[in-house]
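A.B. asks: Okay, so TrEMBL annotates it like this:
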- C155-C181: disulfide bond (DISULFID)
- C197-C200: disulfide bond (DISULFID)
- 17-654: domain 'Vitellogenin' (DOMAIN)
- 1069-1109: region 'Disordered' (REGION)
- 1-18: signal peptide (SIGNAL)
Amino acid sequence: MRAVVLALSLALVAPIFAPGKTYVYNYEVSLMTGLPEMGLGRAGVYGNCKFLISAIDQNTLVLKIADIEINEFNGIWLKDHPNLMSMLPKIMEPETSIPIKFEYSNGTVGKIYAPEKVSDFVLNFYKGFLNFFQLNIKKTHNVYDLHEAGIEGVCKTLYSVNEDVKADRILLTKTRDINHCQERIYRDMGLAYTEKCEECQKISKNLRGTASYRYILKPVPSGIMITKADVNEIIQFSPFSEHHGAAQTEIKLTVVFLEIQNTTITPNPVEYHHRGSLKYEFSKEFEWTPLQFVKVTDLQVQIQDLLDHIVTHNAEKVNDNTPLKYLELIHLLRLACNEDLEGLWSKYKNIPSHRLWLLEAVPASGTTTALRFIKEKIVAEDLSVVEAVRTLAAAVHMVTANPETIKLFETLMEDNKINANPVLREIVFLGYGTMISKYCTESDNCLVEFVQPIQKHLSEAVSKGETEDIILYAKVLGNAGHPSSLKSITKIMPIHGTAAASLPIRVHIEAIRALSNIAKKESRMVQELALQLYMDKALDPELRMLSCIVLFETNPSMALISTLANAVKSEENLQVASFTYSHMKSMSRSASVIHPSVGAACNVAMKILSPKLDRLSLRFSKAIYGESYSYFMLGAAATAFYINDAATFLPRSVVAKTRAFFAGAAADVLEIGVRTDGLQETLLKNPSVLDSADRITKMKRVIKALSHWRSLPNNKPLASFYIKLFGQEIAFANIDKPMIERAIELASGPSVQTYGIKVLKTMLLSGVSFNYTMPVMFTEVRRVIPTSSGLLVELSLFSAAVAAAVVKIKPTLSQRLPEDFPLSRLLETDIKLETEVNPSYAMATYAVMGTNTPIYNQLIVSRVKFNSTLPSKISAKLDIKEGDFKIEVLPVSAPENITAGSVETYTVARNIENPTVEKITPILPSKVLESFPIQILSNKDSSSAEVSLLTLTKFVPFFVKRYSCFKVATENAAFIHDTALYRMIGSQNASFSITPIEGEAVERLEMEVKVGAKAAEKIIKQINLNDGAATVLSKLNKILASNKNHTLSSSSSSSSSSSSKHFYKSSSFSSFSHQSSTSSSRSSHSSRSNSNSSKLSSSRSFSNSSRSSSASSLASLFSAESSSSRDSARRSMVEIQKLFHGNKQFLHKNIANKPILKLTYLGFPQQKANSHRFRKSHKNQVFPFRILKHKPDI
């Protein structure tokens, strides 16, 4: 045994290759993606080939591939068979026929050389084979671990060496933990605004990977030789905790030594270039979309055809497949060069429909070419201001950040046309900071030169005293978050002894807020600065509270939080003390997952502070923090800051922000802040605002105080606000005197009035018809991970939506009007407007995992689709002179489903042999589902975990003569594992529809409005007491009369003590068949209302008066507030219910089948000056509402 170990220590160094010979190996590779269980759908690829290795000299070898065979698999695992892709080896032959060179010494693969003709895709496949020969064998250890370089990066690797004496061979295993790497090779897209949630990943990981290598080595005189080796690698991912199940990609590789040939491989007579090391080299992976396999022949023609298809199929309604087509358009535009974009622009710039789709898709493509195209069009003034704002704002967040795009934004900042427009200037400057932040997040080489132009502008603005420019540049540095900006920001902070103390407080506030993003990279430096500001009691309390906010964003230590707590104990300013105490108290309740150390430290600090601070009212500043986190690795946190001042009655500043946690990542979703410093000053100029008075009086005084805004100085804003999205400030504004003057000038200018009159005349003479469409790509998040095979595994999430509305307005006039008619002619014209509105919406989301290459796709896809459409037809008749207005909602032909949604999970296979054809296999085949019991449950039992197939249908009476139907059908994998992920796997469908009740069709809904002195003369319906209804109504009147006097007195006394009830109204509403309704009236001055009611009804028939009297009594009954009135009301209601229940058939026969049903509101004349404004503004008006089953005989 000792002899064997000694032999190993001397000979077992590394594989060797003798010069003048060729070593032939058989190589097999398999990648399969799906769920780990057998019998379910999977997608993958099989391949086998031969690799030939020859040594040119001692350390340089030549590698060549031969006899390639590729098979694709898409079907049921262990049941279906792979299909041969015979064309792929021929397509790859021009590259695979070229040998490559590599350096190899002591078991380590060094530099790799290849001609330029060999693509990165083929070269990485070579590296997958060479990865087997990366061996670090120690002479004196049998079991050891180290960090070893490989194709996936420098990761932790465990070695185990054993010898088989009988077989004269060495057994070696090594395991690579891909989760623990000093240098992990991967590439992300769309994750620049997210942060890794370290605490979330401690409990469970969403993404895990490991690779296990097994070698059979044969000792040879000068070293060892690999006779057989295999790899089994697993990469698993779950959007939730891994305990709830995960999808996986399994990679299996096998190398078998075949023979040694006495010939050598001759390299091609071309120039070989250094192409990196064994590590995976990225190239154009994000140009390969996993959603479609697009074979580019003539790119510009393909884009034109796709644009024409999208516009044609969305003219009247959004097609369900339009979101996918929009994503395809974005993918094609990523491949376009500047000449292609210019050609498309010249063709479609004068076609509004195509122009809109092109301008929305170009920034979404996210390329440098797209940004350069947008810049050229803005500078050339080919875009309107609205189009420029939309495209620039989208480009800021969608264009990939790199030095070239940063330089393009820098040139835009210097453009005079951009600086002439305040909105464009704000977007460009803030966008410049955002681009720097995105680039520094994704790259280790974040140069100081990027922020130097802004730092220079800031210095110049400070020297000139330009407050607005100082604020803008501070916001830009805050967006960039570059640590080198800390020195520049410090120069405008109110630190003791600096000249910045004389700057306005608005500048100091922005300087402190700019520290938030810097704190994520240099928390220690920001903590020292923020603590210094907080401890300076000479500063404005608002600045100290903002410093406290920044401190807690740096995840402070126990010592720092204890220092704050001790400072609060001796704090003299109760605003600062209340704010800090409430912030600590909120954080002490934090869940142990998101902020465990901060929460624990605040818990200790709360024991230091006095509980008296908890008794401070809302007049003092507060900080509120709340969060929720589940073991699904989903969570959310919300924070609200309320900064007040003892001398004000409105808060000086209010900030609200939200944060989301998903799949082990965290992101600041939205932050909104408002300051009201100028508004406070304006209101305090009128001391009567603070006097104790009723609400209406206070509102009048506030409006009167605000009307004196012209007395404000130009540099003093009434209020200001800002909006941050994903931690980046995207917009801010100061509501000041110049802004209000510009808005008034714009709204009252002749151009606006002229345009409005022109639009009105056009609508009345020829009608209006337009189609508006808005496509949006919500999400594109991608991560590509190299595997030991040299092929990539991709995890992607795509989400896009398209909203559209088609509006058609057709006018009908009682007399023909000339083209340039005066508006006074409308008083003599009856107008009828028929409007058809057809809004529609479609959304699609794709979650993808699998192998995505330029020649084939083998993926598992989860697709979520949602679409909705709700057409309507409205007719409006207007008689302006008589004050008659009638609005009718007419029936339309609605689609089968107003809203429908589906979730499907399937595997898909595509290849370049036939790119338009894709093979799809459901994850859950029907035969698998048939082998399990199927249950159809009611709503009560629908939560059962054993259900594999579930179908629910719910009918609900909806509005008038309509049934709403909600259908749900689901087939999921919960029978395998009852977890969240497996419940999503399969097929789920839901739809919502509204259908008319058979035989009870409604012709239209009608609402009439009568305005003017003759409004009360409009009779809605007469009820004759001589018919059969007399018995029912007389009984009802008798019940109400017995309680009338007591109710009136009780209502009058209660109304005298209430300042919020000042009017009387009577309403009557009936509902029959499948409907239910209530009729109620309230009275605050019953005696006066009865008098008014009798005056109004004196000109009517006795029956009309009786109806009003009965309704008045019923209103008094419902508005009674004393205990005796309530008891009487209950007894009367019981008798009323018995009365209606006993005469149900009579009511249904004589009233429910009547053709007209109206809801009437009657306003009565004003009596007292202090009555509610509603009676004054709606004097003598009638608002009828009726439902027509057929045209009434009039």
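Glycine is no exception: its Cβ is also placed from the backbone N, Cα and C atoms.
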A.B. asks: Taking the Cβ of C197 (disulfide bond) as the centre, count every other Cβ atom within 10 Å, in any protein chain shown.
C.D. replies: 20
A.B. asks: Work out how many Å separate C197 (disulfide bond) and C181 (disulfide bond) at their Cα atoms, rounded off.
C.D. replies: 17
A.B. asks: Taking only the Cα atoms, work out how far C200 (disulfide bond) lies from C181 (disulfide bond), in Å, as a whole number.
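C.D. replies: Cα-Cα distance, C200 (disulfide bond) to C181 (disulfide bond): 19 Å.
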A.B. asks: For a quick check of understanding: among the disulfide-bonded residues C181, C200, which residue's Cβ has the most other Cβ atoms within 10 Å?
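C.D. replies: It comes out as C200.
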A.B. asks: Note the mean pLDDT of the domain 'Vitellogenin' (17-654), expressed as a whole number.
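C.D. replies: Across the domain 'Vitellogenin' (17-654), the average pLDDT comes out at 90.
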A.B. asks: Applying a 10 Å Cβ distance cut-off over all chains shown, what neighbour count does C155 (disulfide bond) have?
C.D. replies: 22
